[in-house]
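Annotation comment: TrEMBL describes 20-422 as domain 'Major facilitator superfamily (MFS) profile'. Residues annotated as transmembrane segment in TrEMBL: 12-29, 49-73, 85-103, 109-130, 142-164, 184-203, 230-249, 312-330, 337-354, 366-388, 400-417.
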Amino acid sequence: RRLTYEEAVEEAFGLFHWLLLVVCGWANASDAVEILCVSFLLPTARCDLLLSSSDMGLLTASIFLMMVGGYMWGYLADQRGRCRVLVVSLTVNGVFGGLASVAPKFWLFLLLRFISGIVGGSIPVIFSYFSEFMPRLRRGRMISALATFWMAGNILAALAWLVIPRTWAHFFLGGLDFQSWRLFVVLCSVPSLTSAILFKLLMPESPKFLMEGLMPIKQMFNGPLKSRSIALLIIFYCISFYYGLWMWFPELFARVEDGGSPCANVSLPSALHNQSCYPVKTAYMEGFAIAASNLPGNIFTILRMDSTGGKALLFSLVLSGLSVFFIYVVQTKTQSLVLSCVFSGVSVIAWNSLDVLGTELYPTQLSSALGFFTGVGRVAAIMGNVVFGKLVDTNCAVPVLMVSALLLTGGLVALLLPQTKHTELT
């Protein structure tokens, strides 16, 4: 008998889909490592490269130029195939991310990270590719499981405390003083490169891509798709601005070491010229705890996504906004850590919901739609990092409260989205 695409996928669910989850999940983790490793190397790289807070803001913002890569690779994936594009984009991302480790000057390090960001950005393609293999009744749960690998990448990046403080990882490479933070940069490029190899050797092309034609992306803002597209655009911007806060967590924790609000103690860039870079003193364990606090939120979405739906779970943005507000008013390091963990655990629910909604709200011929919205989010992430870099030493309250207000706004706008629970891919 003839089967529809959804019926064929439902009947064929098995071991291959779990292998697909691991391979796509490792690629998702590589994105988290590539983005978050910068925040963990900043305290030491700042010392070696003599960076100001503004320099650090530019550096953390550079990787979010995946905004261009996300849309570009989404378009090419529609034209050339999902799997082929993933191999190329992950390879380029890993190569330039690794080359940054031998950059002797800040401008060259920034340039290589810039290239890694602008040419990388394949995450929207990964989610589109993965969702096209998933049966309707399992899709929410499986995409939530895929999103959980971001936490794994976050934890891997937080393992910086095993590498950066170690003085044995120090040698001279020509005229370059190769400190341990540079070794950490090399290690952070490994997930992207190994992901590219796994896709090349193990993964087939998406069956949905082989069956379907294309739709121009301008159709996102026409007819019945217009209202949902505007709402998603606002939500992606609001939730992604928080990367400014997330990337500065290690620095903010260093500032509350002796008590007080994270915004009460400013850094002293003028002292860098007379400061020893080693031994490293920074908040790696706090970063590890915040990364691990994603776990309850990830488990919750895996268990509840198919029954509750992504729209309802997006309301967690409101709770995220409230937790950020209280991070600003706390007075001790312990209070800051607890609220940061709450923020991490709640915000991941919203991210996982967006990953599911982004694949279900649009026809598969518009798979570049997720790349477009991810690009909008990267713009917000760049703005958040630049704003934090400019204001963290003078008006720290402004960017923190901006994050809180934007998250609250995103949670309320989510009420305008349609329910997509158990919808078929069209």
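The backbone N, Cα and C atoms fix where each Cβ goes, and this holds for glycine too.
Curation does not apply to TrEMBL; its annotations are automatic.
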Residues outside the transmembrane segment (184-203) whose C-beta sits under 8 Å from one of its C-beta atoms, at least 6 past its ends, are 19-20, 23, 26-27, 29-31, 33-34, 37, 40-41, 83, 86-88, 90-91, 93-95, 97-98, 100-101, 120, 153, 156-157, 160, 163-164
*Quick one: do the transmembrane segment (230-249) and the transmembrane segment (312-330) reach 3+ CB pairs under 8 Å, ignoring pairs fewer than 6 apart in sequence?*
yes
Checking 12-29, 142-164, 337-354, 400-417 against the transmembrane segment (312-330) for Cβ pairs under 8 Å, the most are found for 400-417
Over the domain 'Major facilitator superfamily (MFS) profile' (20-422) the mean pLDDT stands at 77
Tertiary contacts of the transmembrane segment (12-29), defined by C-beta under 8 angstroms and 6+ residue spacing from its ends, are 86, 90, 122-123, 126, 129-130, 133-135, 138, 142, 145-150, 152-153, 156, 191-192, 194-195, 198-199, 202-203
